[in-house]
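The structure appears right after this line, and notes come after that.
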Amino acid sequence: MPHSSLTSKRARTQSAEPKECTLLAANRGEIALRIIRAGRELNMNCIAIYSFEDRLSMHRTRADKAYQIGSPETHSPVGAYLSIPDIIEIAKAKNVTAIHPGYGFLSENPQFARACAEAGIAFVGPSAAVIESCGDKTKARQLAINAGVSVVPGSDGPINTVADAEAFARAHGLPIIIKAANGGGGRGMRVVRDMESLPSLFERAKSESLSAFGDDTLFIEKLIERPRHIEVQILADSQGNVVHLFERDCSVQRRHQKVVEYGPSFLPNEARQKLFDDAIKLAKAVGYVNAGTVEFLVDSDNNHYFIEINPRVQVEHCVTEEITGVDIVASQIEIALGKSLPDLGLTQENISMRGFAIQCRITAENPSQNFQPDSGRISMYRSPGGHGVRLDGGPCYAGAIISPHYDSLLVKCITVGSDYQVARRKMLSALSEFRVRGIQNNIDWLMKLLTNDVFAAGGKVWTTFIDDTPELFKDFEADIRCGQRLMRYLGDLVVNGPSVVGQNGVPELRTDVVIPSLPDAPANASSVSCLTGWRNILVKDGPTAFCAAIRAHEGVLVTDTTWRDAHQSILATRVRTIDLAKIAPLTSHALSNAFSLECWGGATFDVSLRFLKECPWDRLQTLRKLVPNIPFQMLLRGANAVGYTAYPDHVVYEFCATAVKYGMDIFRVFDSLNYVDNLKLGIDAVKKAGGVAEAAISYTGDVSDLTKTRYNLQYYLDLTDKLVADGIHILGIKDMAGLLKPKAAKMLIGAIREKYPDLVIHLHTHDTAGTGIATYLAAVAAGVDIVDCAIDALSGQTSQPSMGAFVSSVDGTGISSAAVQTLSSYWDQMRLLYSPFESPMPPSDSSIYYTEMPGGQYTNLQFQSRQLGLGEQWTKIKAAYAQANRLCGDIVKVTPSSKVVGDLAQFMVAQNLTEQDVIDKCETLSFPQSVLEYYQGFLGQPPYGFPEPMRSKILNARGLKSIEGRPGASMAPLNMNDLRTKLVEKYGEIRDVDVLSAALYPKVFEEYMDAVSLYGEVTQIPTQYFLRPMDVGEEFQFDLEKDGQRMIIKFVAVGPLEDITGRRDVFFTVDGEARVIDVPDKSGDEQKTGKATSIKRPKADPKAKNECSAPMAGLVVDVNVKEGALVKMGQPIAVLSAMKMETIVTAPCDGVVGQVFVAGGDYIAANDLIVRIVE
């Protein structure tokens, strides 16, 4: 808007009377706006001042005129507001009548008040002499003593040295509190509870006082435990009139900084009147003029002790304004211009109190990180309203830049009610309406505070209540799951493109997925689940009766693998929970007679965390609710659970018990080497958890080739004997590579059926060679009970045989061809949606009879080979796979043993090694870690032993020890309680399943949690927008976790690359409200620090314990160590200042300082490396 138009608009809102006075607001942010509003209501011209860093601030644009103080070269961000000569010069040049200093900055500086008086300008506040006597806490203390007002035992005057402080502590005892004589707002204040810490705390208080107030004078008081902080608001005029405006309770503080204030207090009326009397007595004694606050500590017996007079307006003055109806800021201005209290109608008898008011300070701070200040751009701002709600805002609006240089206050919210509880409930309602996105804030924490039982009771809090109430921080997480972090993910897609590992291109499907209709099913079958199925028998009668019913069934049953192995084989295991959940209710109807749905375990657990950033436990729980009638089946890697290595036994037992609790029914237990001891552990864990134990024989070789001596029919019969003897419920035959030919299936299953007529037999194969249906038909003829199939759209090739073809070829499955085709129409769409993960595969590949490569690994290994630059050598890799198998001893190949063989094959091709080369050079080759661990015995013992002498040469040359027997048997237990404690310290709220995930996949879980912290719960984003950038103008919507809540997102634009920060602004609307997300552009050079400086600085490695980093952006006040210095863990390394708060950065470990990367005076960004320590 042009300046002239803006001026005319303001003129229309004001009196037509000529403006005779000009008011200058010598402050910034919220209080500057408050002063401007009061001045405008008094028909005054209003002038603002601002620093270069505040040039985009709201108080500049809301004033009639505004003038910049200096430049970045001449004034620091804070120094601009402390420059008395510059402010006076502007005031004189613009004929300013009065200057209001607000609070902070120069509000308690007597030199400023004196400079105003000398310039003939009214200072809105007390005189310089009064500020000197009241603002200096040592003088104010003596004033109180002289007036007969009780004070806390303290030093008679300033404390100049540590020795003086120690002498006071010895004389009066601990605890004591060190205070800045000219301070306020909690700065320059430290509590001392032990003599050892006194010297360092004294120096920090001194330094902070000098930095914040330009004066390092300190005094000391005895600390009263658990007092209430009650302050009395006064107004006084130049004629000696003094009134009180009642009191406020400001006890809720953190780091001595007030957080929530309310008025009136809950003190008895007699105690309140004593406070009022003493406040007026002190004001008259000092000759006080204008507004001020007399502050007291009140102990548990309602005795009060004077602590200070604040000779200025307070942040919390709004509370008093709301309960008295007195405009304190306007009264200040009029008193400064000569009016008396009676002129303003402010006599004590005319001042009354009505209702109750509460004020909450909304700040840019992270409560879960010790209220660490944040800075950056506010991408979205939505404020509350309604009866009894007042907002005093400053820098808070969409697009506003919150600077690290100033106070973290964003907006003050004040609510008024007839009593405390009404005001408190109004505040809770108001806070729930706030939306501040883009920066950390304390809104959700404030809601937790207001619902705390002690706070809610009213009048029960004390000054250290926050520190003494750790539950305020337990289970606390700012609720930004559905907003800011999701926008960050979508913005990252726009700027940097897809990031899911293995993705090649974007989805072919760009329309919404259509849920098909199932013939002869209820009309609501797509949303309401079926309740009848085989699981009813299992839940009612248990595993033994369940298996008996299966065996008695006249016909063969089907397991659908679409939800796990099929999409693992065809789509790299990348199908997300959201897309399984969409088809789940319809599946419960279409496959109500299915034996099971294989939906969990195996690679899905790892991939969910690692690539899809989903919790696999949440997936299981979600699907279980949607499909209550069909048994769920998972793949359990014996003693490896769902991992790729051995774990302590108790981890496997706990995993199985938790899986049953979350809805798992049938566990297909296998071992990658058919190692019986590993299998037995898994079987026992499943049975003790109450699950169905399906022990699986991993099939390899060819039992129909009678010339082979390994993996022949007798081998499998002997293995079956051992498993049956162990009390299994079901025998599984896991043909993971599709090697089981029809003749072999007839021989193997026929022999097992003849020996064990009551045993349930379940066959699993892959259709890689194209013989799957033929194998299944032969198995049915031989007496198999259950076979694994995939819905047609995801069947064939390296997946399972077609379900449609199978149910059309046999009787007794209970599944109609029409039902399969209905589901297939959905999965046809899924293949288009997940097209970026399809691997080019021939319709069939009979080379698997030579390579023996598992179907799931076939596609995974193809992808891995492309990532390693070996994609064009796929034929060589398949040949090397067979050679690697022989080098490993001709083993069973299924995860994780198949990974070992695959890693070795890729290693051989990459290094151009033959089979003989590996044998000859085995002592010096840099084998993949998985290969070395295999030879050590971490996976167990292969059926025909390790190849010797190659194994011994590999281990001896590297000093590696071999493991004999079951690996987990010799492993020390994992302390799950210690793991939980570490996770809680790092992430906050942690569930039992999170601890299990971290135990199984420590690094992957850490990466997952980091992703959730950065992007939120991305499971809610529809898949096409999870996998591709949105187009400009494109809009989509999705339902949130809570019923009846929907988010509508539209992509508007992306901004240019910012040279200094290396970031781009991405513009969205969310439910019609604008949001801006700044995203690092990863295509350019290494990112610069941005917020603090354009200098490139090295970042600390978060995993390196010897690297000391900046916890936030800010100014380096001091560096306490030099290179070569010995340091102890916890020793102060550097002091940072941000938003007027000093932070001590300490050594993370013992050692010697190897390198110092910053110096005093540097502005640094969060995570910049400060010091590297050599341990």
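Backbone N, Cα and C define each Cβ position, glycine as well.
Some features that TrEMBL has for this protein:
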type	residues	note
ACT_SITE	Arg312	active site
BINDING	Asp565, Lys734, His764, His766	Mn(2+) binding site
BINDING	Arg637, Thr895	substrate binding site
COMPBIAS	1080-1089	compositional bias 'Basic and acidic residues'
DOMAIN	19-471	domain 'Biotin carboxylation'
DOMAIN	141-337	domain 'ATP-grasp'
DOMAIN	556-826	domain 'Pyruvate carboxyltransferase'
DOMAIN	1092-1174	domain 'Lipoyl-binding'
MOD_RES	Lys734	N6-carboxylysine
REGION	1080-1106	region 'Disordered'
Which site among Arg312, Arg637, Lys734, His764, His766 has the most other CB atoms no more than 10 Å from its CB, taking these as recorded positions?
His766
Which one of the binding-site residues (Asp565, Thr895) has its C-beta surrounded by the most other C-beta atoms within 10 angstroms?
Asp565
Sort the binding-site residues Lys734, His764, His766, Thr895 by C-alpha distance from the residue listed as 'active site' and give me just the closest.
Thr895
Inter-residue C-alpha distance, Arg637 (substrate binding site) and His766 (Mn(2+) binding site) (nearest angstrom)
18
Measure from the CA atom of Thr895 (substrate binding site) to the CA atom of His766 (Mn(2+) binding site) and give the result in Å, rounded to a whole number.
15
Just to verify a number: CA distance, Lys734 (Mn(2+) binding site) to Thr895 (substrate binding site), in angstrom, no decimals.
12
If you measure Asp565 (Mn(2+) binding site) to Thr895 (substrate binding site) at Cα, how many Å is it?
13
